[in-house]
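In what follows, a structure is listed as structure tokens, so that the remarks can point back to it.
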């Protein structure tokens with residue numbers, strides 16, 4: 001056979017700074033799904049190169065986010081997510097092919113050596129010199145399981161195409177079969193692969209066949225050994241002209257061919273069915289990684305010096321193409337797992353660790369499973385049907401038959417139901433933004449009102465705001481941008497800007513700049529840790545931002561924040577995270593949740609890799625504070641803002657419970673007491689927030705907060721506070737708000753008293769109290785400016801009928817001129833008595849908090865007659 005040579009080109013330069021021995025480094029190479037891009041990396045280079053396969057002459061895109069050399073690469077099956085592991089002990093995720101940094105999904109204490117995605121891309125396996133294989137959920141970054149069993153560095157990982165097993169291999173040559181569902185070791189093969197020692201440029205590798213029936217492992221005799229997926233028994237070997245041990249192997253897409261590279265600097269191409277090599281190449285340096293092109297007849301190779309090349313026409317044209325007849329199990333399955341029928345126990349042949357290399361599959365009579373496997377590769381596949389006719393196929397073939405029937409289309413209806421093709425969702429985008437043009441000004445916003453443009457310079461940008469009609473908006477001075485804003489929005493009141501995350505030190509930032517305000521320093525900003533802003537928008541009195549965590553964050557003009565993502569009937573039944581362990585837990589801790597109350601999470605702290613507590617010793621319960629996913633505001637009062645949000649949520653829950661209890665005729669005294677206590681605590685929290693706003697010169701936000709106070713005593717306390725801080729203008733505004741509130745309350749109470757007087761006259765005419773009490777009264781709510789609810793503690797039980805005549809007499813004595821005297825306390829008592837006379841079962845009017853929309857659940861005639869105050873907050877939407 002003629003040995004050909006292939007010319008390689010440099011992709012990465014070796015460097016001893018990253019621990020390369022004798023200039024040799026382990027390099028990685030892989031294709032994307034459409035064969036449009038080729039990705040390379042080297043353990044001697046901290047950069048990752050993304051090459052354009054269609055335009056090979058163009059300069060590759062370099063991703064530099066690791067501090068040390070890159071030792072492992074993995075690409076999700078749909079080629080949208082790239083994972084990289086490094087000597088710096090971190091695993092990072094990127095968008096592909098754009099290369100935008102996503103997140104540090106996990107971290108080890110020692111270098112990473114192997115990465116692998118499962119067939120659906122929902123799970124990433126990572127391992128290396130550290131103890132344990134981490135199975136990471138790529139959706140939320142959580143660690144689903146840590147698998148421990150290897151004694152050496154894990155150098156190879158492979159999910160089987162059917163999604164049932166994970167195979168791993170270490171530097172000592174031990175192979176483990178893991179069952180993913182239970183996390184247990186099914187089979188152990190000790191010393192079946194070469195011991196690579198301390199040479200990090202040489203790694204043991206393994207790979208499942210595309211149909212998932214066999215696992216290929218480098219053997220001890222310069223060969224490739226195939227092991228059965230179910231029994232881990234040796235099926236056959238590929239032994240040819242390799243003079244030294246193998247260092248890499250790769251299946252063709254259809255599983256009919258295999259490429260192997262050895263320490264002898266040769267690459268051999270094998271016909272797997274015939275078990276013989278059909279072509280070879282000789283290289284100047286050792287080939288450490290290879291990848292078959294998904295489309296075509298090409299093999300990409302990279303050597304230990306960082307040079308890569310493409311071997312065209314790998315398989316002779318007279319033979320079947322390596323991409324023809326690809327097994328269905330190796331295609332994208334959208335995460336569907338085909339399980340066996342109940343009653344079929346998984347085959348367990350025990351551990352093969354005590355068997356030597358010569359004894360595996362060669363001593364003793366061959367099993368029926370082994371005969372079937374050999375017959376499949378020694379003879380034509382049509383003979384399998386003959387064997388089946390004589391009943392020689394074991395029962396383990398049942399699930400395989402089921403899969404083959406699905407593949408052949410025997411049950412298309414079932415298949416279409418089981419495997420649904422989900423269309424890709426539209427990614428978030430900012431309307432009115434134009435792409436970056438070097439040396440040219442571009443749009444950050446273009447709407448019907450005006451434009452926001454930016455021009456990038458070295459280290460900063462120059463932003464200008466212009467209105468289409470100059471008479472409609474003010475003249476806004478230009479702004480110097482040091483954040484690198486990439487999106488913006490504009491309306492008559494102000495402008496909002498945001499930038500994406502650019503690493504751990506440059507977090508995503510949201511900035512709002514009003515065009516005019518009664519207070520100085522009315523501009524504010526928010527920083528987002530662990531998420532980034534995708535879209536921004538402006539309303540009449542609000543600022544909105546959609547983030548990478550799919551949160552719709554809402555801010556007032558002053559910067560008071562909320563999150564429209566809660567599991568309540570108000571917002572359609574979505575979810576709000578109330579606790580995140582990312583900011584509180586240590587890297588070696590896991591939280592096992594026991595329960596929670598209104599403010600605390602009860603859990604047991606488990607040390608990694610344990611994810612649940614042991615019975616002995618008896619675990620200790622730990623209390624942790626609940627926390628909403630708030631952005632880091634410029635106020636610096638994250639704890640108070642979190643308390644404010646949780647109190648609002650708690651008040652809403654109490655309100656719903658009171659409404660439900662009232663509708664069922666149950667006593668609500670205890671709930672009223674709880675509501676009073678929560679309101680008082682909320683007022684104390686708001687007062688502390690007002691103090692923080694005043695100290696930070698955020699007076700607009702302080703004004704928004706004072707409108708949320710419930711108690712008149714708290715309002716007066718806020719006035720004393722700003723007076724002591726020598727803010728007379730703010731004190732005047734607070735006084736005006738208090739006066740407006742008292743005036744509205746007086747007006748409401750006088751109207752209620754008038755209703756009671758009329759009802760008292762009607763009582764005299766009709767002669768019976770029962771007729772009057774059956775008619776519901778309308779008690780208007782208080783000021784539309786204030787949104788904090790009043791819970792009036794009742795002295796008389798709802799079910800009491802005794803003493804109503806005394807209340808009626810009190811109601812008749814109310815004078816109309818009482819409204820002009822401003823005695824709100826007496827009027828409130830009179831109104832409460834009148835309401836008790838009229839209905840005996842009045843509803844407590846509750847105002848919603850700034851990020852809740854109000855709802856009413858009145859029944860019968862009361863639904864039409866009950867007056868409800870409209871919400872004061874601009875984000876709120878009333879439901880009647």
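Glycine is no exception: its Cβ is also placed from the backbone N, Cα and C atoms.
The compositional bias 'Basic and acidic residues' feature in TrEMBL is assigned to 374-383, 797-810. Look at TrEMBL and you will find 769-783, 829-839 tagged as compositional bias 'Low complexity'. Summarising the annotation, TrEMBL assigns compositional bias 'Polar residues' to 846-858. What TrEMBL lists as domain 'WDHD1 first WD40' is 28-309. Sequence annotations record features per position, and here TrEMBL assigns domain 'WDHD1/CFT4 second beta-propeller' to 427-561. The feature domain 'WDHD1/CFT4 helical bundle' is assigned by TrEMBL to 640-742. Residues annotated as region 'Disordered' in TrEMBL: 342-386, 758-880. Feature annotation from TrEMBL assigns repeat 'WD' to 63-104, 147-188, 239-280.
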Structural state census, the domain 'WDHD1/CFT4 second beta-propeller' (427-561) (DSSP three-state):
0 helix, 62 strand, 73 coil
DSSP tally for the repeat 'WD' (239-280), helix/strand/coil in that order, comes to 0 helix, 23 strand, 19 coil
Mind checking how the repeat 'WD' (63-104) divides into helix, strand and coil residues in DSSP?
0 helix, 23 strand, 19 coil
Per DSSP, what is the helix/strand/coil residue tally across the repeat 'WD' (147-188)?
0 helix, 23 strand, 19 coil
